Amino acid sequence: SLLQFNKMIKFETRKNAIPFYAFYGCYCGWGGQGRPKDATDRCCIVHDCCYGKLAKCNTKWDFYRYSLRSGYFQCGKGTWCEQQICECDRVAAECLRRSLSTYRYGYMIYPDSRCREPSETC
């Protein structure tokens, strides 16, 4: 669920997802278009593509089980959808952590009107 994804992001990056990632670049937050602006934005398009493969799942609201072991998230047992959603979120949160050094505050609230290049495909 988005609530759980927010918790993963906060743990991995020490940043609250809403102000720091909800409107970042061309792909973080709802939807996306154009080319990713940087590594952080690329994490978001990969997450969008991951969710896109789960069209039959309720990706935004389906709760899943996960735990934290030795500083890493581990997805738990559940339905196929729950496990896949958890993996999408886990991989994206870890990607955002790896991208922290290139995070640009100028992309934090980025207007969609600046995302007009041809969109990348999954």
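Placed from the backbone N, Cα and C atoms, the Cβ positions cover glycine too.
Annotation source Swiss-Prot lists disulfide bond at C26-C115 (among others), citing similarity to another entry. Summarising the environment of C26 (disulfide bond), the number of other Cβ atoms within 10 Å of its Cβ, over all protein chains shown, is 26.
The feature Ca(2+) binding site is assigned by Swiss-Prot to Y27, G29, G31, D48. Secondary structure from DSSP puts D48 (Ca(2+) binding site) in a helix. Listed in sequence order, Y27, G31, G32, C122 are the same-chain residues six or more apart from D48 (Ca(2+) binding site) with CB atoms under 8 A from its CB.
Taken residue by residue with DSSP, C28 (disulfide bond) is part of neither helix nor strand, so it is coil. For C28-C44 (among others), the entry in Swiss-Prot reads disulfide bond, with the evidence type similarity to another entry.
Within 10 Å of the C-beta atom of C43 (disulfide bond) sit 26 other C-beta atoms, taking all shown protein chains into account. Annotation comment: Swiss-Prot describes C43-C95 (among others) as disulfide bond.
The active site annotation in Swiss-Prot covers H47 (among others). Neighbour density for H47 (active site): within 10 A of its CB lie 22 other CB atoms from the protein chains shown.
Non-local contacts of C49 (disulfide bond) by the CB criterion (under 8 A, 6+ apart in sequence, same chain) comprise C122. Annotation comment: Swiss-Prot describes C49-C122 (among others) as disulfide bond.
Marked as disulfide bond by Swiss-Prot: C50-C88 (among others). A C-beta separation below 8 Å, combined with a sequence spacing of at least six in one chain, links C88 (disulfide bond) to H47, C50, Y51, L54, T59.
Sequence-distant neighbours of C81 (disulfide bond) (same chain, 6+ residues apart, CB-CB distance under 8 A): L54, K56, C57, N58, D62. In this structure, C81 (disulfide bond) is part of a helix by DSSP. Here Swiss-Prot flags C57-C81 (among others) as disulfide bond, drawing on similarity to another entry.
Within 10 Å of the Cβ of C75 (disulfide bond) there are 18 other Cβ atoms, across all protein chains. According to Swiss-Prot, the feature disulfide bond maps to C75-C86 (among others).
Long-range Cβ contacts of D89 (active site) within its own chain (separation 6+, distance under 8 Å): Q4, F5, M8, H47. Marked as active site by Swiss-Prot on the basis of similarity to another entry: D89 (among others).
Taking a C-beta cut-off of under 8 Å and a sequence gap of six or more, C95 (disulfide bond) has these contacts in its own chain: A39, R42, C43, V46, H47. Proximity of G29 (Ca(2+) binding site) to non-local residues of its own chain (separation of 6 or more, Cβ distance below 8 Å) is seen for Y21, A22, F23, C44, given in sequence order.
In this structure the C-alpha atoms belonging to C115 (disulfide bond) and C86 (disulfide bond) are separated by 28 Å.
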